[in-house]
Amino acid sequence: MQFKNGIKLGAPAAVAGIMVMTLIVLLVRSIGLYPGVLGDEYTYSSMARLMPLSAAYIPDYLYLAIYKSTNLCGRGFMECSKLFNTVFFVAAAPFIYMTARRFCGSRLSVLIVFLSMLGPINSYTAYFMPEPLFFLSFWVGISYFLSLNAQSSLKEWALFGFIMGCSSLVKPHAMFMIPAFCLCIIFFAYKSMSTWLVTGLKSSAVFVVVMLATKFVVSFIIAGTSGLTLFGNFYTSTFESSASSLQRYLDIFSTAPRI
């Protein structure tokens, strides 16, 4: 990147500048604000600060363990959480750039970073919620995933599983990406080698096993036996209450008008 006065600015320096600017802007905007999503913020704040991790009913154990340190800020725990949020959010910028750089030139990649940092999604930095840390873990995972290919070793796929396992400890929603990643892994192999099915299934299995092992092992270390759950009591009860039985669908089908 070159300005009219002849000064050249490299992409890394531009990304660093965007990160510093975003950090300052978001902190100035957020510090002092009252809770904006009261129900969710109260839930996460209570679990992180006031409850033992083993009693948390949403298994965001890595997030809760990190944000428990906001207790050190006393009455300023909200400001500390916003500082954490902003730092985690801004830290995703290099990984967004590396992801964009695989498909775009450096200037367009810097623009994508700029739009990502100053887009509406940064509103989550003002809330006591796990989205900013999940945002970081997502882009770390995507950036590393796109560096892999069909020839990548099982150790590399295991490392990817570890990264996504940590992401699932920030929000269990990361596990919903497992099918998409597995399909991509198999597709990578399909496009590159004759033994694509065996290689794809083997790499996918290593990824899934390591991801789940990371989730359960770290959960057990942090929360004991209470941590050995996929979605926690909150989401499990929500799924059960919102799901309909097979008999209900049969009843609906039987009362539907015949055509």
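Positions of Cβ are set from backbone N, Cα and C atoms, glycine also.
Just so it is clear, the model here is predicted, and its values are computed rather than measured.
As recorded in TrEMBL, the features of this protein are as follows:
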type: DOMAIN; residues: 83-210; note: domain 'Glycosyltransferase RgtA/B/C/D-like'
type: TRANSMEM; residues: 12-34; note: transmembrane segment
type: TRANSMEM; residues: 107-127; note: transmembrane segment
type: TRANSMEM; residues: 157-190; note: transmembrane segment
type: TRANSMEM; residues: 205-231; note: transmembrane segment
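Note on the domain 'Glycosyltransferase RgtA/B/C/D-like' (83-210): DSSP counts are 102 helix, 0 strand, 26 coil. If you look at the transmembrane segment (107-127), the same-chain residues 6 or more away from its ends with a CB under 8 A from one of its CBs are 1, 11, 14-15, 18-19, 22, 25-26, 29-30, 33, 35-37, 40-41, 82, 85-86, 89-90, 92-93, 96-97, 100-101, 135. Mean pLDDT, taken over the domain 'Glycosyltransferase RgtA/B/C/D-like' (83-210), works out to 95 on the 0 to 100 scale.
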